[in-house]
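**Q** Take a look at what Swiss-Prot says about it:
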DOMAIN    346-553  domain 'MCM'
BINDING   Ser400, Thr401, Ala402, Lys403, Ser404, Asn505  ATP binding site
MOTIF     529-532  motif 'Arginine finger'
BINDING   Arg622, Glu625  ADP binding site
REGION    685-705  region 'Disordered'
Amino acid sequence: MDNIISGQAQKVEDVDGTRVQNEFSKFLKSFKGDKNELQYKTAMKELVQPEKNTIFVDMQHLYKFSNNLATTIELQYYRVYPFMCEALHLATLDGCDENERQQMFKKQLYVSLYNLDAKTKVRELSADKVGGLVRIAGQIVRTHPVHPELSRACFVCEDCGVSTRDVQQQFRYTQPTKCANPQCMNRTRFSLDVNSSTFVDFQKIRIQETQAELPRGSIPRTVDVIVRGEMVETVQPGDKCDIVGTLIVIPDIAQLSTPGLRAETSNQNRGRATDKSEGITGLKALGVRDLTYKMAFLACHIQQTESLVGGDASGAMEENDYLELWTKMSPEDRSVLKQMSDDKKIEKNIVDSLFPNIYGNHEVKLGVLLMLLGGVAKKSKDEGTSLRGDINVCLVGDPSTAKSQVLKAVEEFSPRAIYTSGKASSAAGLTAAVVKDEESFEFVIEAGALMLADNGVCCIDEFDKMDVKDQVAIHEAMEQQTISITKAGVKATLNARASILAAANPVGGRYDRSRPLKYNVQMSAPIMSRFDLFFVLVDECNEVTDYAIARRILDNHRSISEHTERNTVYKIDDIKKYIAFARCFKPKISDKAAEALVREYKKLRMSDSNNAATSSWRITVRQLESLVRLSEALARLHCGKEVLEQHVEKAAELLNKSIVRVEQPDIALDEDDFDNNIVIVEANKENQGGDDDMEHDGEKDETAKVDPAKLKISFKEYKQLSDVLVLHMRADEESQGEEEYDGVKQSALVEWYLTTIEGEMETEEDFNVQKTVCERVIHRLVHQDHILLEVEPGEDPTLCVHPNYVVSDE
């Protein structure tokens, strides 16, 4: 092997680098931690494993060992990093046997530094930071595939055959400047020996500065981050990360694109005679013209910032077992979580602590809390069918009802939440876009809002302002929780396991109570059915409520100006830990809970068929799945291993409030439809004699005396009256027996009702009003709602209750 010459032989020795190498080697071999044991001995032994190539070093340990060493590394990181890796390599070889030495000889090892005190904003990365150790934070917006990178190359001279080893590659294909053989004059003709060269994993990711660091009104800055070794594929788009590394300057690859030369390079040769042998030969010739450089960040350590209990990031929380997580917790965390789980008013206390600046709307806040907890995602073993566990919530309401405040509060609280506006977002911005990479010119997928919010919450404000084609784009993401893309030759199915919290304004700016929900919002039926909970927020004039809201707003202004914090039961960090721990539970549905689910679903279906005209939206099996998810979330809230009947009842109550709340238009009992029905009945009976006509005229005259304004009742009053009549008829049926029961005459039913409320009537006018209201409610129950059936039609029909009708519990 006489013709093999090391490329390192002609290098001038770096005295400072050698000193750092020796001191860092001593640090790895001798530093002892809190337990008076060698801190990094075990980690170095594990580097023998094929999949391990990185050792993680705490910067605080370096400062404790030697302040000069830590300061030198921090100020001249890029210069001394190869010496640190060499020190790690030699220290690892000292503890290996002969077989392990052969494996470790060609292995590239890395040092990952973390726990650096000072943090630099992405916007503050400038030329003076180049080469030093820097810590930055940002959100991942794009990840590239992992590629092999040529780290240390071995070149063979094509003239004399001498091999030059260990040629360091500086972010581009770098050949030796000349042949290592002193007698050979070759400077350009080299071939790469792939078998003798060292390749490492290489990945480029792009981060964007976080909203917390972004100055008001500024466009977010982005920076490309280069990761190697074990750091590749550790983060996904949407993760908020803490990155330690150094700022580097690299030539713009677009200027160095190969193969071939750019057309503009020939401009420098115009107007002067050139020899055929001349031309652009690479970097040297490229330096003749303007060479643009760009900055990138070479990372040695990257981790998700939102680490909660047990040291795990929130994205992996749901995969953990709660017992395993419990063992990783500190005693302080355990006592706090135990205290919270034993709290009987945990729902109210967490809700009040999460939304201290928003008054009232307890059901809305509870629904958002259950959305943060989520249900249990399931997948069948045979067919592979997936059932989503995430809960989607939509807030519909008048302006100034704190819809956007709820969204903003969730965005600030949730470790992985994306806030976007429906009007300003396109379909590609919500799902994913296919863009061309500036360097490789390959098409790569850039994550949209739903992908960035994977395993989190996507808050979409002004949902009703979205174009129809953009709403269609999220159909698949809301139910199947995937995004399918077929663009520019890229075919992929991406995960979008996010809960959607949407806020929408009603048509015309004000919610019309006389119309059901589906006519108040500009949403298609498929989109509406994909929401588990709808909450309608109506701005009503109420002296007590208005006073309380005004007090809360003024308190907020005073607390902000005086820099005082509102007293809450729980701290935000404690709630984050509790939710992360509760999401590890996967409660099973008990037999009683299953029966309760079926019973509540049947009630929803019956109420939908009974009030088809005024139903807020169609009740389908998706609402049954919503009940299951809400029940599981309630079980998780109490850290339960099983879904109980009380959880189902609470979930049904919440779902009913989100549905019934919008089914409250006022009932006008003097409508033209009612009068038309009376006219039709009278026209059919004109040939039955004048006495009947006289009777009808008398009834009409009596009805005419009633003020039409008093014939308009609220939906709540209509519901109460109909329930009273139905329950009375059911009681009669039970007392007489089903076989002997023939029904109740309408006149007898009206007379019974008037007798019941006799104490509330003072004048004859009150009597006429109540009688007319009762008669017209009965008429509506028969002809429109079909709750009552006419057993014997006629002027005074015999009535009975529809056998399938179920009286609601409200």
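Backbone N, Cα and C atoms are what each Cβ position is placed from, and that goes for glycine too.
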**Q** Whole number in angstrom, please: the longest C-alpha to C-alpha distance across Ser400, Thr401, Ala402, Lys403, Ser404, Asn505 for ATP.
**A** 12
**Q** Indicate the candidate from Ser400, Thr401, Ser404, Asn505 with the smallest number of other Cβ atoms within 10 Å of its Cβ, considering only these binding-site residues.
**A** Ser400
**Q** In the same chain, who gets a Cβ under 8 Å from the motif 'Arginine finger' (529-532) while lying at least 6 residues past its ends?
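**A** Non-local partners: 391-394, 475, 478-479, 500, 502, 617-618, 620, 622, 626, 629-630, 655.
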**Q** Are there any residues at least 6 positions away along the chain from Ala402 (ATP binding site) with a Cβ closer than 8 Å to its Cβ? List them or say none.
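**A** Long-range Cβ contacts: Ile358, Asn361, Leu537.
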**Q** Counting Cβ atoms within 10 Å across all protein chains shown, which of the binding-site residues Lys403, Arg622 comes out on top?
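**A** Per the Cβ count within 10 Å, the most buried is Lys403.
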**Q** Determine, to the nearest whole angstrom, how far the Cα atom of Ser404 (ATP binding site) is from the Cα atom of Arg622 (ADP binding site).
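**A** That comes out at 27 Å between the alpha carbons.
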**Q** Note the Cβ centroid of Ser400, Thr401, Ala402, Lys403, Ser404, Asn505, the recorded ATP site, then list each other residue of that chain whose Cβ lies within 8 Å of it, in sequence.
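**A** Other same-chain residues near the ATP site: Leu395, Gly397, Asp398, Pro399, Gln405, Ala503, Leu537.
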**Q** Would you mind listing, in sequence order, the residues at least six apart from Glu625 (ADP binding site) in the same chain with a Cβ closer than 8 Å to its Cβ?
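**A** Listed in sequence order: Leu387.
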**Q** Give me the DSSP three-state residue breakdown of the motif 'Arginine finger' (529-532), ordered helix, strand, coil.
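**A** Each residue of the motif 'Arginine finger' (529-532) counted once, the result is 1 helix, 0 strand, 3 coil.
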**Q** Using DSSP, would you call Glu625 (ADP binding site) helix, strand or coil?
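**A** Glu625 (ADP binding site) sits in a helix per DSSP.
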